[in-house]
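Novice: Pulled these from Swiss-Prot:
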{"type": "ZN_FING", "residues": "10-58", "note": "zinc finger"}
{"type": "ZN_FING", "residues": "89-131", "note": "zinc finger"}
{"type": "BINDING", "residues": "C94, H97, C117, H123", "note": "Zn(2+) binding site"}
{"type": "COILED", "residues": "172-200", "note": "coiled coil"}
{"type": "TRANSMEM", "residues": "316-336", "note": "transmembrane segment"}
Amino acid sequence: MELLEEDLTCPICCSLFDDPRVLPCSHNFCKKCLEGLLEGNVRNSLWRPSPFKCPTCRKETSATGVNSLQVNYSLKGIVEKYNKIKISPKMPVCKGHLGQPLNIFCVTDMQLICGICATRGEHTKHVFSSIEDAYAREKNAFESLFQSFETWRRGDALSRLDTLETNKRKALQLLTKDSDKVKEFFEKLQHTLDQKKNEILSDFETMKLAVMQTYDPEINKINTILQEQRMAFNIAEAFKDVSEPIIFLQQMQEFREKIKVIKETPLPHSNLPTSPLMKNFDTSQWGDIKLVDVDKLSLPQDTGVFTSKIPWYPYLLLMMVVLLGLLIFFGPTVFLEWSPLDELATWKDYLSSFNSYLTKSADFIEQSVFYWEQMTDGFFIFGERVKNVSLVALNNVAEFICKYKLL
């Protein structure tokens, strides 16, 4: 077909011939193509038209118009038949015999075959039919076959489809429910881990606070003593070159009193009586903890609070001093008749006695203050521990209530 199409193609427009005209040299061209060539030849000639030459062989022709050329009816008919063949569908060929058209219908096997299949193949003893007769019979058979196929097990198929979709939906719901359980489990586990981490870190912060409350007062006392010492040196530097006797003696007296006070001020102990914070603390020991026992993680039992080794009797002495002061202030009001002048005089005497007593007992008071600070620090740490234990207990109770839906 491709070779035939080349012979039916116009050399000028490269399309199939349309109303082909033949030149005296026997070459064929489309009528419209020749008209275009002749018009161009006339426009390019100023005085007299030049002879028309064949586009293929360049042979001159005496034709002055396309209408004077002969129509090639044979070629025109061939082109028309070629167009019809090209438009019509191609006949299928046999797969077993290359190039042989399937132009016979085997009634026995109900299929198209070629001539070789009918004469020398497996269909030799079968019943054959023409394509037209087979088409008429199969066209009628198609209607009944289509109707029976349309209702073939349709109800059963729809029922099974509905069952499969229902089972699929239930399976997805179960998987979603299980995945939600897994998500909830890990969310609770993460919450427990975060809670336990915050609890242990809170214990560390409490211990840090205890360290600062134990050491900071002593450090501040030493810094105060050093500052007083620097001030005394500054005073000495200021008056050591004074030549006025009175001023020098006055400054010397103040300097001597300052040095006396500094020397009489006791220095705090550098090694405070506290127990170690932790013994053999190692987080690698937590590697063997199971997930179910995560809530049981805790710091070693010998940690968390400074254990003071201060004896109990200084606290007793301090309490006695406090009670004595309360008795001095409030005793006359409670047990004696109230008189403004006598009351003021009595208060003055008591305060004078108490002031002299305190002046003579400076060391005792400083020791009492030291022990009092230790006692308040201990109460503060104890209160923090009680608060932490209470919060943990409340959280456990809340989780127990939520878990078993008691409310």
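From the backbone N, Cα and C atoms, a Cβ is placed for every residue, glycine too.
Each of these features: where is it, how hidden is it, and who are its neighbours?
Specialist: Per-residue pLDDT, averaged over the zinc finger (10-58), rounds to 81.
Here the zinc finger (89-131) has Cβ contacts under 8 Å with residues 137 of the same chain, all six or more residues outside its ends.
Sequence-distant neighbours of C117 (Zn(2+) binding site) (same chain, 6+ apart, CB under 8 A from its CB) are C94, G96, H97, Q100, I104, C106, H123. According to DSSP, C117 (Zn(2+) binding site) sits within a helical segment.
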Novice: Please list, in sequence order, every residue of the chain apart from C94, H97, C117, H123 whose Cβ lies within 8 Å of the Cβ centroid of the Zn(2+) site.
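Specialist: So the extra residues in range turn out to be G96, Q100, L102, I113, C114, G115, I116, A118, G121.
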Novice: Pull the DSSP breakdown for the zinc finger (89-131) and write it out as helix, strand, coil residue counts.
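Specialist: Final tally across the stretch: 7 helix, 10 strand, 26 coil.
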Novice: How many other Cβ atoms sit within 10 Å of the Cβ of H97 (Zn(2+) binding site)?
Specialist: 16
